[in-house]
């Protein structure tokens, strides 16, 4: 039942293999399909599945040893803009990542520079997900990217040479996106398609024997606006195996794809914000997801606790929450795990009370434990999806999807944990004057407290009558 | 002079036990006062001399308990003041103590909470009853007594508890106040001993006070030693006094302390301070500096502290420290090696928490390894050579050696400035 998209042959661009495990679904336009994506020496990725989203080469709060031990995700998305800043005093330096030596353990410069375990499949794109909109437009030869030191242009040839140097497993060539919520007018949309098509032609003309699989962007504009571009992709680059997959910015376009493109793996770059949306995109035929919401949910102090298929409802009228706000002080004495029956490291080793304490104390380990747990919940969720798709009749998945929709609340609960500090490269002020996200942790305690010199303790200030209630000291009756 | 090894063999090992602790002396340096020993605590054995990293709020700055264990750490600190506020005594009782709470199956040491009171709350005022302070929230007067401190440390369940003491900065000008603080600390020790509920499973250490007045320190030593606690701390130091004065206090105290009890110098952590203090006869040390400086992007190495944020490291693909055995630095072929480069730390220092976690791993490993190497050198009776190698690694020119260290080491028979014998 195996269908190779890409058979290794001389001149073939990559050793990637993608199999759709149900042949009947191989060329289906808009249907959920189980599959397997594999690269030599990487852990094979059963699809549908998700990739972790990195920041500056790290899965946030997870050191590489913890990734190896506790994270089931087999892939990581990285953005080039995280690595190519030009510090003011050293504006002419070559980004250090380009000269990274490799080793047996870290076979590509991208793995080597970031210390990412070698079983992880890497995807390199130009922009972070989600990308901060640039005040400068794109040009005919470049897009505007947002680095740690500000916006700068990234030309198509720079990007190509970056990919050739860094050797990611998958790359997404540049596309002319606005990264804004406003739908582009038809003139702008047409230019997006034309530029992206020009750049793709250049890309395939210039990229020779790269070991990297190319996933061509499918733009977030209507099919008629980009049919010429999509037709060129299907006619010129599928048969010769230059094109290995598609990067989908709008899953609703999937039913319109030209049939030669249908057998390619489909990576979603339009981040779903809830598991309901994930399921809906799976129904449309997405194979791989990037899910930046995991990182933001963990920072907000939420432990996810949904499963697929959904458990049978105990009381049909009440919707189940998708997650628990662990920062809630009511958990301060709860010795139960973040989520019942969860097998992740955080749940088998630690309690809600401890994570609640870590969040309240703004100890970084709190976010680490939530990241481990939340990645695990998503891994189990996708595993449940694949089990149904692989073993059941096609209707089973749709039925379970509807049950899930009925069982769970439509949105995540609000998290009230104080978040890690956000920096310019993660967050762009729009118009200025936004309030601070967190209350200040430091304050002058007395006339001679001298601020932020190294060696000064972070003051921990008792709240309310807490001191006495907690038995630490008693109030004096004068 | 008899060969050192023979002399040691005739008298060692010797050990002494109390209800919840065994101290076993493995070896003594034949030149300095350095000692190597094994301390058996309720949660297992630790080697002395030891550096104890500080997990202030029941977490070592982003590391999982398994990662901390991986650095070789078997004894770390929690701060009583912080745990008393968050999560609080009620929660600690409900979850069965701080070991359970943080998933740490090795030893814990807690301070009394008094130091943070005095250093963080400017309005604190010490009376015979305890530390009085105004609640920062509503300004109402509060009181922390030795009995409160013991009760809380009993709830925490730490393997080593510290008495509540009357801490003054060593540079305090008022001699009468200094004497009062020293004598009060002795009286408070008596109250702590009386209030301690579980002497059979938790060790209470006394704390020697007396500022920089060596006579007062001696007096305090005699009083404290008479109360026969399982271990003894030298307190009030590391508060801005000159290093010469610091060394004089340590050397004065260790001279009077019983041989078969652990000696803990509180609040020091710079590598030079550790090595010199070991030579002066101290066994245990703690400091937040190694983990704090990691979060500022600084790596501790045998050649000094390197600020990884400097541009010179941007394209440096070597390990944080050559020949270091920590998970970040050890050769990439080895099991568990992470292959972290200086370039990657530079890329993310002060930007992603992961860089802080990695430097914390490295710095804790460095400190523990330094003490482990000191122990080996003491047992082999080559500790003076170890000290010389250590300083030669830090400074290329002997003229740069800190004079306080040269003087203090000369006092225990090691001349850092003499031409090397070989």
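Here, residue 1 is simply the first one shown, and the rest follow in order.
Glycine is treated like the rest: Cβ placed from N, Cα and C.
Nobody curates TrEMBL annotations by hand; they come from automatic prediction.
Among the candidates A:357, A:373, the one that TrEMBL lists alongside A:342, A:344, A:347 as binding Zn(2+) is A:373.
Long-range neighbours of residue A:373 (Zn(2+) binding site) (same chain, six or more residues apart, CB within less than 8 Å of its CB): A:303, A:304, A:338, A:339, A:342, A:344, A:346, A:347. Those same-chain residues not listed among A:342, A:344, A:347, A:373 yet with C-beta within 8 angstroms of the centroid of the Zn(2+) site C-beta atoms are A:303, A:337, A:338, A:339, A:343, A:345, A:346, A:348, A:372, A:376, A:377. Mean pLDDT of the predicted structure over the domain 'tRNA-guanine(15) transglycosylase-like' (A:31-409): 93.
Comparing Cβ neighbour counts within 10 Å across the binding-site residues A:342, A:344, A:347, the minimum falls on A:342.
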